[in-house]
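Below: the structure, in structure tokens.
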């Protein structure tokens, strides 16, 4: 039986029904009837053709949009040739075109504005991953009053925009205009946080040492405007010109060191002398150098001891010095963490007495007995110059910055003072041998303490200076395994925040080392306070600068948001809290330390162009 013949053509018959009409209803019925009369193959071919035309139209639309944009923007003052970016104020900012070599590199992602950045940079951008793209500081958002608070507790609020950013877990800021605007919004959030802290200080503690933000009052330590001086360089770096000008006027007219007051040598050096010197370097304003020379000279009586180990307290008006009433000891950290500032004062003034005094201390400590693998005890006697309370070794309170200043002095001196480098390298090996352990269940690397041969898994938040210091050393050519250790410890310091219910680190953590532990970090009731310390944030700055790993940016951003959520006070300022484990009632302490304002940007961290 023969198969039916196959047709190689399509027959289409159109029949008329009724008289012709031009009505829309008739046309719809007629088209639909014609469509139904087509075979399935014909309908498929027609649909495929339409889809192909649609895809081609989409593929060519960017070119059409580009031509349209060039025409429209050109009518508004942009010539269509140079790249442009819309900033937070929706203003067009023209920049220089890319060099020809960059234009040919089709692999580069993002618009040219991200490939040819402006030269003027803001230090805080290192942590946020964005550089100042010419924002108009005079017209910036002046504070949070216009924002709508959505979370509150006993005086702390978080603004709506900050809350939305907190929920964003994207750690990779892409090179596109939308991401640039997002990064700039983070930069502005940091500036706004500083302004909020400054607003409280200006309104309720102007010219005094510390703000009490809950009671809208102030606390006095030395009566020398510690917070104001500590914040000078930060304001300059953040571009807060009006705030800086007001503070400078106070320093010029009101700040006097001719007072009958006892000050702590170490605290006065790092907060006042260091603040004045760094501001002088940033501004070139000789008034700050003169003030630095004045306070530096008034601190010199502390070194008038038989051992050359300085007393802890100085009366800057009378020119006398003495140890604390309860002991004749000074802490090792205090007497070995003043060298950077005094050395720099000698360099700037040409007077060697400041450097000679502090370097004599380092020579004494270098040759002392009582160390263990480069680790030093916590106390030193000002009468005989010997270590006391031997057998206890920590990188926390009373010893921490000794190790930090060993490295930074070596760098400051042009990497020529080998004794400082030797002591630093030996100490790092001592840490590895005696203090480094792993926690359970997450194998976090932490730095504990040693007491007469017994190890304690106790780690102060102060120890979180170490990741940044190790990274800084590796950047200047020290062993690469220092950077690997820095990365491990940076993770640990971040987890000291992340594993707390408020997302804020306690002052002291104890790490679990027993099998079956469900949480790495344990915190005793007496250690649950947070004093707004900057060590972790500074180390995050270093780590991002040297590795360019954007997770460090994100970690810093999360920490800022948690400070906003649990420590920010509506009337201005931030308060330290008593309990990082209770988000419902963190129990504010009503005190904003001066060093909190240094957290927003760290002048010591200028290490990458």
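Any Cβ shown, glycine's included, is placed from N, Cα and C.
Quantities reported herein were computed from a predicted structural model and do not represent experimental measurements.
According to TrEMBL, the transmembrane segment annotation covers 45-68.
As annotated by TrEMBL, active site, proton donor applies to 267 (among others). The Cβ of residue 267 (active site, proton donor) has 221, 222 as same-chain neighbours under 8 Å, each 6 or more residues away in sequence.
Residues or ranges marked as active site in TrEMBL: 400 (among others).
Listed in sequence order, the residues of the same chain lying 6 or more apart from residue 464 (disulfide bond) and placing their CB within less than 8 Å of its CB are 489, 493, 496, 505, 535, 536, 539. Here TrEMBL flags 464-493 as disulfide bond.
Around residue 507 (active site, proton donor), a 10 Å sphere centred on its CB holds 19 further CB atoms from the protein chains shown. If you look up TrEMBL, you'll see 507 (among others) marked as active site, proton donor.
Sequence annotations record features per position, and here TrEMBL assigns active site to 535 (among others). Around residue 535 (active site), taking its Cβ as the centre, 24 other Cβ atoms fall within 10 Å, counting all chains.
Each residue contributes its Cα atom, and for residue 507 (active site, proton donor) and residue 400 (active site) those atoms are 14 Å apart. Under 8 Å, Cβ to Cβ, and six or more positions away along its own chain, residue 400 (active site) finds 333, 394, 460, 462, 463, 465. All protein chains shown were included, and the count of other CB atoms within 10 Å of the CB of residue 493 (disulfide bond) stands at 28.
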